[in-house]
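Q: Taken from TrEMBL, the feature domain 'EamA' applies to 10-147, 157-290. Sequence annotations record features per position, and here TrEMBL assigns transmembrane segment to 7-25, 45-66, 78-96, 102-124, 131-151, 157-175, 187-207, 219-239, 246-269, 275-294.
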Amino acid sequence: MARPEHGRWVGICLIVTSALGFASIGPLGKVAYRGGFSVVELQLLRFLAAAPVLGVAAAATGRSTAGPRLGGSTRLRLLALGFVGYGVQATLYFTALTRISASLTSLLLYLYPALVAGAAVAVGRHRLDRATLVGLVLIFAGTALVLGLPTGRSDPIGVGLGVGSALWYTAYLLVGERLAGGTDPLVVAAHVTVGATLWFALGLLALRPDLGNGRGSAVAAGLAMAMVGTAVPIAALFAGMARVGVTWASIGSALEPVAAVALAVVFLGEDLGPGTVLGGTAVVLGAVVLPLLAGRSSAP
């Protein structure tokens, strides 16, 4: 009894770590864009810097040789997960940010916990219990309170890109859970970032933007995004998902927009209103407390 409960606690902590890391991407992205980087340049630097760090970490800790040996086909599938999965999702999300508000983009992306739960239930990989339903309602309502419901007319293309980002991320998580089964999370994360690097390298060759416009602040923000917002959270996400499953991992990841708002309050001086506090509390309850209670109630 104690061992599964301990594993669930560790899994939730890893998912929270992942959410906190991903939350830094927005503020760091703003700094990089102000410093002269384009979307493709920033994302290429992000993944190009993160990939070798994860690879070295996997080799240094013996993770790359531990466990079953990865065959060529498995490596190709993990690279494709980064190329087609994470690379495309990041493109959709960051392009949506150029057309609609950050709050609306985040709200659209965070449709994915419900999409993941629905898909997991449909294929028999998760049971739709009361805790899951309450958790989904809490995180979506809480996210809406934290970010604020968007007002005014919205760009339909931007909205479509935002919804596409959520749908693509849903598929990425579901496929990633299946492909990563039995493989060390550091090894999975290293392959995913290499695949995403190849995606944005091809994008750079295809779009041929003017290079050299990024100032030192943009480069520094991109490198920070690579470490804090990419290498650590991707590895933590796959490690946590292996312990709590894809549905609760997606629900726990909903802490990300709350953490992003908290970072904006602390580092950018933005106001912290009552709706933000109430919404943040709802998201924490839905993303952290309910998974733990669900695991305890189902324990033998």
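A Cβ is built for glycine as well, from the same backbone N, Cα and C atoms used for every other residue.
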Q: If you count Cβ pairs under 8 Å, which stretch among 78-96, 102-124, 246-269 touches the transmembrane segment (7-25) the most?
A: 246-269
Q: May I ask which of the stretches 78-96, 102-124, 157-175, 219-239 has the most CB pairs under 8 A with the transmembrane segment (187-207)?
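A: It is 78-96, which has the most Cβ pairs under 8 Å.
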Q: Can you tell me which parts of the same chain pack against the transmembrane segment (157-175), counting only residues 6+ beyond its ends and a CB-CB cutoff under 8 A?
A: 81, 85-86, 88-89, 92-93, 95-96, 98-100, 104-105, 107-112, 115-116, 119-120, 241, 246, 249-250
Q: Which residues of the chain, 6 or more past the ends of the transmembrane segment (78-96), have a CB below 8 A from one of its CBs?
A: 29, 39, 42-43, 70, 105, 108-109, 158-159, 161-162, 164-165, 168-169, 171-172, 175-176, 179-180, 183, 187-188, 191-200, 203
